[in-house]
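Visitor: So Swiss-Prot says this about it:
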| type | residues | note |
| --- | --- | --- |
| BINDING | His61, His125 | Mg(2+) binding site |
Amino acid sequence: MAHLLIVNADDFGLSRGQNYGIVECHRHGIVTSTTALVNAEGIEHAAQLCKELPHLGVGLHFTLTMGQPLSPIPSLTRNGVLGKWLWQMAEQEQLPLDEIRVELNAQYQRFVELFGCPPDHIDSHHHVHMFKQIFPIVAEFAQQKALPIRVDRLLAQKENLNTQGVISSDGFDSQFYGDEISQALFLKTLDDAKARGEQSLEVMTHPAFIDNPLRVSGYCFQRLTELEVLTQSSLKQAIAERGYQLGTYQDLI
């Protein structure tokens, strides 16, 4: 039986360069799935591109750390925007959980308006849905909508998160990130998953063509390196040789 490999490109909608990079890796590479930032400046462009990509799984990249929220959530914003102070609020047990529920629903509804259908699955920008206070909210919401979510199993075990009833891949790997991007690194994620006995795996990626909005990102030109690796023809063959079949989160349902 083939192992399922979901290659997800985060940050769909972040910019046109990000969008074009993800599309390139879907059409000419191994990206099968992406997750959309519905409050980002390039999201309408992303939704337009998707009309010609029927086989690309598109999920919701829930964000509480970037841009303007889609609902009135004053406790989470400063000067009207979201930011990384969320970590400090979480550490101090000061997260406004009711506001987070409202914003999650607002971003979900915005996704449906933009793409004309529910998301393929749910994950989050900067992995905020794996915070111990936020995970139960996202998990319950996803179960109500019968949607899969990304689960970092190691982090879930560390934080003692209840994943019962959650639809997700057996494994999740975020190693394909940073300054040492290569085909060998990508294939290592597959070999590691097999060694752990996982039948399904999601690998997180961030491929992009670089444009001006991305130049201010702390993770910029590495995105272009990811694109180059993910579109190498030899990579698809190496994946097949390891017994993996490319798919999306919908293949788990």
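Glycine is treated like the rest: Cβ placed from N, Cα and C.
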Visitor: Given the binding-site residues His61, His125, which one has the fewest other C-beta atoms within 10 angstroms of its C-beta?
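Guide: Relative to the other binding-site residues in His61, His125, His125 has the fewest Cβ atoms within 10 Å.
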Visitor: Give the three-state DSSP assignment (helix, strand or coil) for His61 (Mg(2+) binding site).
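Guide: Its secondary structure by DSSP: strand.
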Visitor: So, in DSSP terms, is His125 (Mg(2+) binding site) helix, strand, or coil?
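Guide: It is helical.
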